[in-house]
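Worksheet: one structure, shown below.
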Amino acid sequence: MVSSPAYDIAAALKQEGLKPSDWDEICRRLGREPNRAELGMFGVMWSEHCCYRNSRPLLSGFPTEGPRILVGPGENAGVVDLGGGHRLAFKIESHNHPSAVEPFQGAATGVGGILRDIFTMGARPIALLNALRFGPLEDPANVGLMEGVVAGIAHYGNCVGVPTVGGEVAFDPSYSGNPLVNAMALGLMETEEIVKSGAIGVGNPVVYVGSTTGRDGMGGASFASAELSADSLDDRPAVQVGDPFLEKGLIEACLEAFASGDVVAAQDMGAAGLTCSCSEMAAKGGLGVELDLDRVPARETGMTAYEFLLSESQERMLFVVKAGREDALMQRFRRWGLQAALVGKVLQEPIVRVLHHGAVAAEVPATALADDTPIEKHALLQEPPADLQALWGWTEQELPVLSDAAAALLQLLDDPTIASKQWVHRQYDQQVLANTVVSSGAADAAVVRLRPQQGNGSMAASNRGVAATVDCPNRWVALDPERGAQAAVAEAARNLSCVGAEPLAVTDNLNFPSPETPKGFWQLAMACRGISDACRTLNTPVTGGNVSLYNETKQDDGTMQPIHPTPVIGMVGGVDDISRVTCLAWQQPGDAIFLIGVPPEDGADPSLGLAGSAYQQQTLGSLAGRPPKPDLAIEAAVGSLVREAIAQGLLASAHDCSDGGLAVALAESCIASDLGISVTLSTGSARLERVLFAEGGSRVIVSVNAASFPAWEQLIGSNPALCVTQLGSVTLEARLVIRSESAVQLDLEVERCAAVFRDALPRRMHSE
């Protein structure tokens, strides 16, 4: 008999984020009313954060299979075959709401959580990336949020000993009070068998390892599935507290345990803690789990069953272990200074049964919590929202005529979204483990060397590497979520191609406002459609990811301020030879500069434009128009050409055109090398601002030295469908000179550009 003390049902439903209809469904499934602990279990497991009740039908449209995909959606992380015996686990997740109320710990535990997803699969973490969004830094509150978030990421990653090698940071008023903190991790498989999470073997013991359980992080999953308001500051107990040094030991102990073969299933305790780990293990295995809370190592006294089940204390894992091997396994963890306790067993009956003080504290069908969960039905708008349709009527002719190209470029280089992120990157240890080939700022994607992992002699030493990037043009997504999401996938693939990596697979983090408004759900649905289309065309299946909804903040007048929809794309690619990796800096004077993709003078190509561009926002102070429509077939062809040129050793540099367009990309390569350029652009009938600052067009800038010129011409001659335009050359004199047919349009010292570019963030952060 399940104990069931009386409680205020209406108040409890509100606390758990459940609806009256959810109560009715829970009662139907149980055949009785749930007790308070059981209601808490349903509250976290039926939240958007855990069960994707608003987004699951949309996610089902993603391509998830491919010849390199070893593990797709449904496990703790995706796994791809990199070749040469190397298998890579990777995933991205958000910690947005916790970071809004407690930026340091919210961001730090986001890093800890994504690392656990990786090593739970049997993979050793080798790299971290992140995608961050903040409000304007003119607001001291946003400065404080950014300082805390970056410090938290740096603290956890640096202490645990995993390099933070890449990422992106962008700013917009829509993120004020609701920052986005998305963390991505990569890991190399160390075990012959990939460790799965489904419970196996009736009677097998269930073992808890890691840290103790306390009251921190209570209800974190439900908290992450609600809007933010001024009262959210009172929810600091819903933010977990991490210990990276303990996690470092946990990584080593877990990898040892997995290598022993004693562990048959593993699940980390992240969102929803013990409730999620037990129910997911049971549901995925088609079995049940019995859990005795009296055996769970606790750091506080007097904890209730509800508190044990919903605690999100960090650095904890749950294992199903081969019968008879539990004592040896627990001794292994204790040698690492970690807690280890036998807390339950696998049941034949597919239920989650929880014992506390010798009585049954909860008993729930496993699938009711982790498989057969509710799906919200939303009507999809048949036409785009009226406000967007009105904005789409804007044309480039409404922009004022560009009068000072040099001043416009300097303003763009001072834009915190475009400017150097060295203020951020210098806080991260990018070189720990000594495998980082290229990190943030030096190239369009990070590259990490693949070395034989400890205790795994089956992987021969090689010159292979893995490249990774995170991308999202949130201005484009705000105006057209389908085109913007396509552009996010396209830019990620282009960034990988620019270092010579073959794009392989995607992990996505969908950061969106409430789906309960017609516009909110339409934005989410259109972005999912865009991701699906782009991933199919570019042959990059989705292996999993994260959905973070209700990213909006209640204003003083009671209205909700939604963020720009931000579908962040994390993408990984294989590098056959790290000695060929290409960076964005010019290499030597005299090298010829080429533009691959839509030429600058093309004033009509729909894949290139100023709508949604950094230049438009800088000039008008707002966004308008419909962003360019990505040509995914051209995108694939451009990427293929760039990768082939790098493989043949023909390119001295490669850099994609994204925020700020052609002029900003050229300036960035000058700043990175302290070399100049002499470039002549044909303007044709196009306006100068379009030639210099338009975005889109599947464009990559490359430089080629004289010795490689014949082979380069032969290669581009074999790709006649692609437009390749020679722009000019690299110069020893560090000046950025851009001419049109009629005159010098822009002439700036590279040193002046660099000073603006590098000082933009420190100046706003009030630091050196």
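Note that Cβ sites are derived from N, Cα and C of the backbone, with glycine treated the same way.
Taken from Swiss-Prot, the feature active site applies to His49. Annotated ATP binding site per Swiss-Prot: Tyr52, Lys91, Asp508, Gly545, in sequence order. According to Swiss-Prot, the feature Mg(2+) 1 binding site maps to Glu93, Asn546. The substrate binding site feature in Swiss-Prot is assigned to Ser94, His95, Asn96, His97, Arg116, Gln240, Glu312, Ser313, Gln314, Ser548; the stated evidence is sequence analysis. The annotation active site, proton acceptor is assigned in Swiss-Prot to His95 on the grounds of sequence analysis. Residues or ranges marked as Mg(2+) 2 binding site by Swiss-Prot on the basis of sequence analysis: Asp117, Asp268.
Swiss-Prot feature annotations superimposed on the structure.
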{"residue": "Tyr52", "record": "ATP binding site", "Cβ contacts under 8 Å, 6 or more apart": "Leu59, Val547"}
{"residue": "Glu93", "record": "Mg(2+) 1 binding site", "Cβ contacts under 8 Å, 6 or more apart": "Gly110, Gly113, Ile114, Asp117, Asn182, Ala183, Met184, Asn509, Gly545, Asn546"}
{"residue": "His95", "record": "active site, proton acceptor", "Cβ contacts under 8 Å, 6 or more apart": "Gly106, Ala107, Thr109, Gly110, Gly113, Val181, Asn182, Ala183"}
{"residue": "Asp268", "record": "Mg(2+) 2 binding site", "Cβ contacts under 8 Å, 6 or more apart": "Asn76, Gly113, Arg116, Asp117, Thr120, Ser277, Arg316, Met317, Leu318"}
{"residue": "Asp508", "record": "ATP binding site", "Cβ contacts under 8 Å, 6 or more apart": "Phe62, Ile92, Ile531, Val542, Gly545, Asn546, Pro567, Val568, Ile569, Gly570"}
With the fewest other Cβ atoms within 10 Å, the residue among the binding-site residues Asp117, Glu312 is Asp117
Which whole number of Å gives the largest C-alpha distance between any two of Ser94, His95, Asn96, His97, Arg116, Gln240, Glu312, Ser313, Gln314, Ser548, the residues noted as binding substrate?
21
Candidate nearest His49 (active site) in space, where candidates are the binding-site residues Lys91, Ser94, Glu312 and distance is Cα-Cα
Ser94
Around the Cβ of Asn546 (Mg(2+) 1 binding site), other Cβ atoms found within 10 Å total 25
Neighbour count, 10 Å Cβ-Cβ cut-off, for Asn96 (substrate binding site): what number do you get?
27
Same chain, not part of Tyr52, Lys91, Asp508, Gly545: whose C-beta falls within 8 angstroms of the C-beta centre of the ATP site? Give them in sequence order.
Leu59, Pro73, Ile92, Glu93, Thr507, Asn509, Leu510, Val542, Gly544, Asn546, Val547
Give the distance between the Cα atoms of Gln314 (substrate binding site) and Lys91 (ATP binding site), rounded to the nearest whole Å.
18
Let me check the 10 A CB neighbour count of Ser94 (substrate binding site). How many other CB atoms are there?
27
Tell me which of the recorded positions His49, Lys91 sits in the most Cβ-dense spot, judged by other Cβ atoms within 10 Å.
His49
Largest C-alpha distance in Å for the ATP site residues Tyr52, Lys91, Asp508, Gly545, as a whole number, is 17
Arg116 (substrate binding site) has how many other Cβ neighbours within 10 Å of its own Cβ?
28
Taking just the CA atoms, what is the gap between Lys91 (ATP binding site) and Glu312 (substrate binding site) in Å?
20
